[in-house]
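Engineer: Below: one structure in structure tokens.
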Amino acid sequence: MSNNEELKGLSGWLILVGIGVVMGPIRLFATTFPLFQPIFSDGTWEALTTVGSEAYSPFWAPLIIGEIVYNVAMFAALIYLAFLFFSKNYRFPFTYILIVVISLIFIPLDSWLVQFAMPDEPIWDTETAKEFFRVLIGGIIWVPYLLLSKRVKATFVEKMPNKSSQQNASEAGASA
């Protein structure tokens, strides 16, 4: 049995990555639905978006809608990530890293945008800082692992384009 065959599979440290991949969409749904659902059911939306109300700001509607769109897209991306993980698709490491980078950009960007609707509030509240550092520490741990691990390189090989078929396709395109 070759060394690559021994390393191939969702075992070792990849079990911890897998737990995070499975928990990601569950955690996102469990934290965002309770946050956004009351906004539309208890009159908060109207209070924040009705011109002349005490809480009105022209930034609330685009901010809330933007956060909902981002969270729905992130939920879909996390489901796709889980599919890539369990199908051992070669795109998994890149997609995982992309989601980490997007999250690290979105969290401070969102905090900055909230300042337009709530200028008197601190830009970094405890929850925002906690979420940012959770993603940052996870990225510091798992991104190098995904880039350097022999197990990752041996496991995530499904649906990988064959280099010889790519060369044949490019040669065929060049001769056409």
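Note: Cβ is positioned from N, Cα and C throughout, glycine not excepted.
Automated prediction, rather than curation, is the source of TrEMBL annotations.
Quantities reported herein were computed from a predicted structural model and do not represent experimental measurements.
Below are the features listed in TrEMBL for this protein:
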| type | residues | note |
| --- | --- | --- |
| TRANSMEM | 12-39 | transmembrane segment |
| TRANSMEM | 59-86 | transmembrane segment |
| TRANSMEM | 93-112 | transmembrane segment |
| TRANSMEM | 132-148 | transmembrane segment |
Engineer: State the non-local partners of the transmembrane segment (12-39) in its own chain: residues 6+ outside its ends, Cβ under 8 Å from one of its Cβ atoms.
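Structural biologist: Long-range Cβ neighbours of the transmembrane segment (12-39): 45, 48, 64, 67-68, 71, 74-75, 78-79, 81-82, 85-86, 96, 138, 142, 145-146, 149, 151-152, 155.
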Engineer: So which residues does the transmembrane segment (132-148) touch in its own chain, when a touch means Cβ under 8 Å and the partner is 6 or more beyond its ends?
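Structural biologist: For the transmembrane segment (132-148), the nonlocal Cβ contacts are 13, 17, 20, 93, 96-97, 100-101, 103-104, 107-108, 124.
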